[in-house]
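Engineer: This is the structure I have questions about; it appears just below.
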Amino acid sequence: MAEEPQRSPAPTSPFAFTVPSNPLSDLPDIPSDRPVLIAGPTASGKSALAARLVEDGGGVVVNADALQVYDCWRLLSARPSAAEEAALPHRLYGHVGARQTYSAGHWLKEVAAVLAEGLRPVIVGGTGLYFSALTEGLAEIPHTPPEVRAEADARLAEAGLARMVAELDAETAARIDLQNPARVQRAWEVLRATGRGLARWQAETAPPLLPLSDATALVIRPDPAWLAQRIDSRFDLMMADGALDEVRATLPGWDPALPSARAIGAPELVAHLRGEIPLDEAIAAAKLASRQYAKRQRTWFRNRMRLWHEIRLP
């Protein structure tokens with residue numbers, strides 16, 4: 001691994017949530033040159049854990065969250081603060097424009113470049129698809145033509161999610177999160193554009209960039225009630241820190257169809273700024289959406305990360 005510069009202790013952002021110390025004493029021994037993967041639901045303290053590991057043992061914090069890549073979302077995505085990013089090496093945070101598309105394939109290529117730097121990676125985030133692509137490989141699925149994407153957008157809007165699910169092949173429907181409109185639409189587009197189900201394409205996956213056996217993989221499994229309280233408290237802190245202004249800055253080019261528009265809380269606060277709902281209703285809806293997202297994350301991690309070392313919280 002490459003030699004690292006000395007650095008000062010990392011500061012803490014106004015809305016950063018720490019991880020209780022006791023569960024961390026149960027961590028496995030991690031060699032200083034071994035890659036670390038940290039997955040966990042939103043507001044579970046995974047970013048604080050990643051920063052602590054890099055501060056104590058060296059390396060670079062690498063983002064594995066699909067929304068923290070966008071430059072327009074620092075507060076709503078709970079991206080590390082500018083001071084935190086300056087205090088420790090960070091990669092793949094806030095480097096993608098709001099109107100750009102960004103997929104697991106884009107992320108995987110950029111992670112490959114980070115691994116080539118030679119610093120020990122501590123890869124942290126809540127996007128399960130990124131971790132599975134990294135440790136299991138990612139199928140080379142053809143790009144969706146714009147006309148198929150437009151057809152899918154119209155189909156979802158007119159017929160609804162349930163109808164789109166019914167039109168998927170059985171093998172794919174059994175493997176993806178059918179409650180996630182983005183995942184369902186992507187699978188529908190692949191089938192429509194190629195005539196083959198997403199599951200068939202995934203069966204031809206290339207070897208993984210970082211096999212699970214070559215890393216220390218940690219998954220945070222928090223108590224749901226404890227996590228729900230943290231989610232609500234963190235959103236209040238985000239609002240106090242300027243999240244509404246952050247959303248206001250995106251209004252001129254706001255497009256709900258963009259991947260960046262999936263940031264939890266953004267659609268709700270946009271609705272308020274457009275005079276459609278009062279602020280307290282927008283905040284309540286954003287908190288609910290965040291808790292629902294955390295539940296979907298916990299389900300993914302429980303089903304797909306059974307070989308990962310568990311960190312039970314609190």
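Glycine is treated like the rest: Cβ placed from N, Cα and C.
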Engineer: Could you check which of 1-24, 289-312 is flagged in Swiss-Prot as region 'Disordered'?
Structural biologist: 1-24
Engineer: State which of the following recorded positions has the fewest other Cβ atoms within 10 Å around its Cβ: K46, R149.
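Structural biologist: Lowest Cβ count within 10 Å among the recorded positions (K46, R149) is R149.
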